[in-house]
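Engineer: OK, Swiss-Prot features for this one:
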TOPO_DOM  1-11  topological domain 'Cytoplasmic'
TRANSMEM  12-29  transmembrane segment
TOPO_DOM  30-48  topological domain 'Extracellular'
CARBOHYD  N42  N-linked glycosylation site
TRANSMEM  49-67  transmembrane segment
INTRAMEM  71-84  intramembrane segment
TOPO_DOM  85-92  topological domain 'Cytoplasmic'
TRANSMEM  93-111  transmembrane segment
TOPO_DOM  112-135  topological domain 'Extracellular'
TRANSMEM  136-155  transmembrane segment
TOPO_DOM  156-165  topological domain 'Cytoplasmic'
TRANSMEM  166-183  transmembrane segment
TOPO_DOM  184-188  topological domain 'Extracellular'
INTRAMEM  189-201  intramembrane segment
TOPO_DOM  202-208  topological domain 'Extracellular'
TRANSMEM  209-226  transmembrane segment
TOPO_DOM  227-271  topological domain 'Cytoplasmic'
MOD_RES   Y255  phosphotyrosine
Amino acid sequence: MASEFKKKIFWRAVVAEFLAMTLFIFISIGSALGFQYPVRNNQTSGAAQDNVKVSLAFGLSIATLAQSVGHISGAHLNPAVTLGLLLSCQISVLRAVMYIIAQCVGAIVATAILSGITSSLPGNSLGLNSLAPGVDSGQGLGIEIIGTLQLVLCVLATTDRRRRDLGGSAPLAIGFSVALGHLLAIDYTGCGINPARSFGSAVITHNFQDHWVFWVGPFIGGALAVLIYDFILAPRSSDLTDRVKVWTSGQVEEYDLDGDDINSRVEMKPK
């Protein structure tokens, strides 16, 4: 663990997570907030249409940033994804902790900037996740679990280095998965499926009502996705010793921007 801490590529990856998360939150929530402004020419905007726009904003921003920094950090951009890859023994405990901190700080910074830019917006919630009227915490938890499960399952499948049948773009597939999660959950919980995204809005608005739902749900969903993929759908043969080695020291094969160890396939490869 100490050896990974001393590597430049490790800190590049942490910085990449912070910067990408800041851009992701600013672009996606900024796009969602824009739909609250009055529509010009006396036109009205339907809720269903707005949901599609918001879903696409989140999905496309993830796809774009995953393509941009995936070769540097793996582009997790989500503590639930980071937890999933940790439980799947693809990253070390140290990397997981530092990534989650970077993601949360990035979300807070982006939301704070948005707060200043959109301060005149009436009823500005800064994308705060909250349970819709009639939705209790248990139902919201279930929605967050399912929405995150399909996302982390997609990440595990599209970044599985054992596969030889992968075609197309992994970042785009993951972006569509994020959009799909929003289409499912946005009317029930505002769609968290990303604890850091929810945390940034809660911190800046000082509103933590039912906030636990947006941490517990995604983490359960991410853990279930690992259980389903790694132990049922595509079992891994790694023994306990190998798994512990990854948790303490990280993956043996890493993408190095200095060219020390560059693998042939690097697209969205988790570090």
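From the backbone N, Cα and C atoms, a Cβ is placed for every residue, glycine too.
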Engineer: Using Cβ distances below 8 Å and needing 3 or more such pairs, separated by at least 6 in sequence, tell me whether the transmembrane segment (12-29) contacts the transmembrane segment (136-155).
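Structural biologist: Result for the transmembrane segment (12-29) with the transmembrane segment (136-155) is no.
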Engineer: Which bits of the chain, at least 6 residues beyond where the topological domain 'Extracellular' (184-188) starts or stops, bring a Cβ under 8 A of a Cβ in it?
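Structural biologist: For the topological domain 'Extracellular' (184-188), the far contacts come to 47, 51, 54-55, 131-132, 135, 139-140, 143-144, 146-147.
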Engineer: Which sequence positions outside the transmembrane segment (166-183), separated from its termini by at least 6 residues, show Cβ-Cβ distances below 8 Å to it?
Structural biologist: 51-52, 54-56, 58-64, 66-67, 70, 75, 147-148, 150-151, 154-155, 158-160, 191, 193, 267-268
Engineer: At a C-beta cut-off of under 8 Å, are there same-chain residues at least 6 beyond the transmembrane segment (209-226) that contact it? List them, or none.
Structural biologist: 78-81, 83-84, 87-88, 129-131, 137, 140-153, 156, 189, 192-195, 198-199, 202
Engineer: Taking residues 6+ outside the topological domain 'Extracellular' (112-135), which of them lie with a CB under 8 Å of any CB in it?
Structural biologist: 25-26, 29-30, 32-33, 36-37, 143, 187-192, 197-198, 201-202, 204-205, 207, 209-211, 213-214
Engineer: Who are the chain neighbours of the topological domain 'Extracellular' (202-208) in space, where the CB to CB distance is under 8 Å and they lie at least 6 residues beyond its ends?
Structural biologist: 108, 111-112, 115, 125-126, 128-130
